[in-house]
Every structure is written in C-alpha cells, then in structure tokens.
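**Student:** Input: one structure, supplied below.
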C-alpha cells in the first residue's frame with residue numbers, strides 16, 4: 001500500500017461502501033455486470049488493487065481461511081492507522 005492519505009481514504013471509503021447497506025460482505029468486490037461496484041452510488045470507489053494484492057498474499061499463506069470482507073476491513077483500519085489520521089473500530093458483528 002502507498003503510505004499516503006489518498007490510499008487510506010480510498011480504503012476507508014471502500015469499506016464504508018461495502019458495509020453500509022447490508023453489512024460487510026465484500027460484495028463490492030464482485031466483478032459482475034450490474035454488480036455493486038458499478039452502482040451509481042459507488043462511483044469513484046477505489047482501493048480494489050490493494051485488496052486484490054492482500055488477498056493473493058494471504059491466500060498463499062493460508063488458503064481459504066481469511067475472507068475478502070475481513071481483508072477489506074483490516075486494510076481500511078490499518079491504512080488509517082498508518083497515515084496517523086486517527087483510528088477506526090468496527091462492531092464485533094460486522
């Protein structure tokens with residue numbers, strides 16, 4: 001990840017748009033015609049490449065254990081902490 005404010009902001013926005021409607025399920029990552037990523041309200045959401053790289057790395061170490069939803073949330077949390085703009089907490093039931 002690029003340790004800059006824009007990367008942290010993109011990942012934070014990605015996590016918000018994934019979780020806002022029906023909970024955190026990584027559905028925004030699904031590449032389907034008419035899918036959530038293409039919804040008008042999600043225009044400009046970014047950070048997909050960071051999540052893809054993280055998922056690839058995690059899968060190489062422990063395949064099938066960590067969900068994409070977990071990676072989205074942890075990436076957003078850690079990115080915000082890395083750029084020292086605060087911290088975010090997620091409910092236990094995300």
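Cβ atoms here come from the backbone N, Cα and C positions, even for glycine.
Please treat TrEMBL annotations as automatic predictions, because they have not gone through curation.
According to TrEMBL, the feature domain 'Plant heme peroxidase family profile' maps to 1-94. Among the features that TrEMBL reports, site 'Transition state stabilizer' is placed at 13. Feature annotation from TrEMBL assigns active site, proton acceptor to 17. Taken from TrEMBL, the feature Ca(2+) binding site applies to 18, 21, 23, 25, 27, 36. Annotation source TrEMBL lists disulfide bond at 19-24.
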**Student:** At the level of the C-alpha atoms, what whole-angstrom distance separates residue 27 (Ca(2+) binding site) and residue 19 (disulfide bond)?
**Tutor:** 9
**Student:** I'd like the Cβ neighbour count for residue 27 (Ca(2+) binding site), meaning other Cβ atoms within 10 Å of its Cβ, all protein chains included.
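**Tutor:** For residue 27 (Ca(2+) binding site), the count of other Cβ atoms within 10 Å is 18.
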**Student:** Under the DSSP assignment, what numbers of helix, strand and coil residues are found in the domain 'Plant heme peroxidase family profile' (1-94)?
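**Tutor:** Taking each residue of the domain 'Plant heme peroxidase family profile' (1-94) in turn, the totals are 53 helix, 0 strand, 41 coil.
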**Student:** Would you count the other CB atoms within 10 A of the CB of residue 19 (disulfide bond), including those on all shown protein chains?
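**Tutor:** The Cβ of residue 19 (disulfide bond) has 21 Cβ neighbours within 10 Å.
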**Student:** Within 10 Å of residue 36 (Ca(2+) binding site) (Cα to Cα), which of the recorded positions 13, 17, 19, 24 do you find?
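**Tutor:** Matched recorded positions: 17, sequence order.
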**Student:** Highest CB neighbour count within 10 A among the binding-site residues 18, 25, 36?
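**Tutor:** Sorting the candidates by Cβ neighbours within 10 Å, the top entry is 18.
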**Student:** Note the Cβ centroid of 18, 21, 23, 25, 27, 36, the recorded Ca(2+) site, then list each other residue of that chain whose Cβ lies within 8 Å of it, in sequence.
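**Tutor:** Other same-chain residues near the Ca(2+) site: 17, 19, 20, 22, 24, 26, 28.
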**Student:** Hey, how far is residue 18 (Ca(2+) binding site) from residue 24 (disulfide bond), Cα to Cα, in Å?
**Tutor:** 6
